[in-house]
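First comes the structure, then the notes that go with it.
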């Protein structure tokens, strides 16, 4: 899309401009996530969720109709700022399930997010440029010919509209009970206690340490997502794989299917045996050698390349979701119910800030790496995956004591 908006003067600069489009969504969400979380604690989870899905319908459609680079950035920014969906959904997942099913509930949230990150680019690969790829169906003079990236955005918006209608049957989990036969002194004590709880959120180290770990790994995952498509589609002379958008979409579709199977049937058992912290550590350790192997795939020919790339992508993304789900569990067990919306909003603010930096940073580093193909120290894309591993290692170190504090079970239901 950046290529066809004609903003990049050279092919090597596409990653630079693409990174800022990805960052604009996260920057918008960074500014408003805490406010949306507080709103979810006050007015309920359902109204915030409904408004967030409505913003997807509107601004995702407008993104597909972007006529220039700045319109693309503006629509993504507004979508991020008006979509406070993820924080309240994490709180909702905890509240709607019994304690023994919380790992499964939160794994479904991270799976939905992970599958979205996979299926989204896959839809883009299959449905972009429909007038060129499906000339018998779409005329060059039609709206899909004039806006070649509108079709995948429209499909996403239609799906979001269907989800919006289904919210009619979504029960609210935040229940406010009126106090009867209470003296004014009792009411004042309850209010003062609530104020103290609200003020103690930043001093809750089990919560804050898990949020920091979550932000580091989120930064890594977003940077990896940005780099993967750029690297896979870049020319082999620049260290890439020279794959088409359709080929990349196929890999991501397979990865999305594997995420669903893993999170539904394997992760709850792994979490039950190892717990969220040990499973996250093991996943982080296993990610490092996989990422080191990526740059060397450029020397593999078909059909071996497709097989190895699909396996590596599936394993890497499942390990990443294992880590993210573990941090979800730690965060939600560190606070009572009446603070979950605010706590998850706070984590979304931090995560969104890091994820806003990640695409822009990854795009800049990727463009820089492609210009140093003959460097002595990690030439070309080897430097990109080396830096991804550095971030992964930092996150791994932070999962150990004394930095990461394990929260006590905290549930006011």
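Here the Cβ of each residue, glycine as well, is placed from N, Cα and C on the backbone.
Here is what TrEMBL records for this protein:
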type	residues	note
DOMAIN	1-407	domain 'Major facilitator superfamily (MFS) profile'
TRANSMEM	14-36	transmembrane segment
TRANSMEM	48-67	transmembrane segment
TRANSMEM	105-129	transmembrane segment
TRANSMEM	149-170	transmembrane segment
TRANSMEM	205-231	transmembrane segment
TRANSMEM	251-270	transmembrane segment
TRANSMEM	282-301	transmembrane segment
TRANSMEM	307-330	transmembrane segment
TRANSMEM	351-370	transmembrane segment
TRANSMEM	382-404	transmembrane segment
- prompt: Are the transmembrane segment (205-231) and the transmembrane segment (14-36) near each other by the rule of at least 3 C-beta pairs under 8 angstroms (pairs 6 or more apart)?
  reply: yes
Query: Going through 251-270, 282-301, 351-370 one by one, which has the most CB pairs that fall under 8 Å from the transmembrane segment (307-330)?
result: 251-270
- prompt: Does the transmembrane segment (251-270) reach the transmembrane segment (105-129) with at least 3 CB pairs under 8 A, where each pair is 6 or more residues apart?
  reply: yes
- prompt: Quick one: do the transmembrane segment (149-170) and the transmembrane segment (382-404) reach 3+ CB pairs under 8 Å, ignoring pairs fewer than 6 apart in sequence?
  reply: no
- prompt: Is the transmembrane segment (205-231) in contact with the transmembrane segment (382-404), using three or more Cβ pairs under 8 angstroms as the rule and ignoring pairs under 6 apart in sequence?
  reply: yes
Reported mean pLDDT - the domain 'Major facilitator superfamily (MFS) profile' (1-407): 86
Message: If we skip the immediate neighbours and take only residues 6+ beyond the ends of the transmembrane segment (205-231), which ones have a Cβ under 8 Å from one of its Cβ atoms?
response: 14-15, 18-19, 22, 26, 117, 121, 239-241, 248, 284, 291, 294, 313, 316, 320, 323-324, 327-328, 330-331, 334-335, 343, 346-347, 350-351, 353-355, 357-359, 361-363, 366, 381, 384-385, 388, 391-392, 394-395, 398-399, 403-408
